[in-house]
């Protein structure tokens with residue numbers, strides 16, 4: 001949806017380019033997940049719903065551009081902005097369950113701290129960019145994301161994994177990295193060839209359950 005929004009607002013760079021890249025990587029990692037998933041029926045449902053949303057959005061853009069919806073170009077772009085923001089807010093609700101678990105157990109080993117830290121930096125950069133260009137549709141979801149990631153990082157600092165768990169996690173990842181290939185191309189190929197390679201995609205704070 002953000003790619004469509006970037007296209008409709010003629011924001012080729014960075015909005016359209018960055019989100020097309022994100023879509024491409026999502027397709028790759030979704031394919032890897034699908035390759036080793038034991039519940040492909042659920043994945044089919046998710047992909048079908050996503051395809052329906054994207055198809056509806058694309059159709060609306062085409063009809064709006066042709067004037068069939070009775071809206072101006074700016075109104076069509078604004079509608080896409082509201083839709084994209086709504087979807088982002090819904091997605092941001094998913095980590096709340098994990099944060100609740102951390103508070104209840106006082107153990108942050110379930111939080112993907114590396115991903116949270118990277119997302120925090122990413123959201124902060126988008127907030128700065130969107131404020132400079134005055135695009136509130138980009139400001140709102142990224143500001144919410146920045147606050148959520150800040151909360152996750154703060155929880156990890158407060159309830160960081162105990163020394164024993166951290167040592168086990170570190171030794172697990174070191175052994176996996178030592179056993180695995182050393183080039184990015186080999187890692188990428190291994191994800192499709194062997195499910196053990198997929199374990200390298202896990203968060204570094206805790207090993208995958210056996």
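All positions are counted from 1 along the displayed chain.
Positions of Cβ are set from backbone N, Cα and C atoms, glycine also.
Heads up, TrEMBL stuff is auto-annotated, nobody curated it.
Over in TrEMBL, the protein carries these features:
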TRANSMEM  12-34  transmembrane segment
TRANSMEM  46-63  transmembrane segment
TRANSMEM  75-97  transmembrane segment
TRANSMEM  109-131  transmembrane segment
TRANSMEM  137-157  transmembrane segment
Cβ-based contact of the transmembrane segment (75-97) with the transmembrane segment (46-63), 3 or more pairs under 8 Å: yes
Long-range environment of the transmembrane segment (46-63) - Cβ separation under 8 angstroms, sequence gap at least 6: 1, 4, 7-8, 30, 69, 76, 79-80, 83, 87
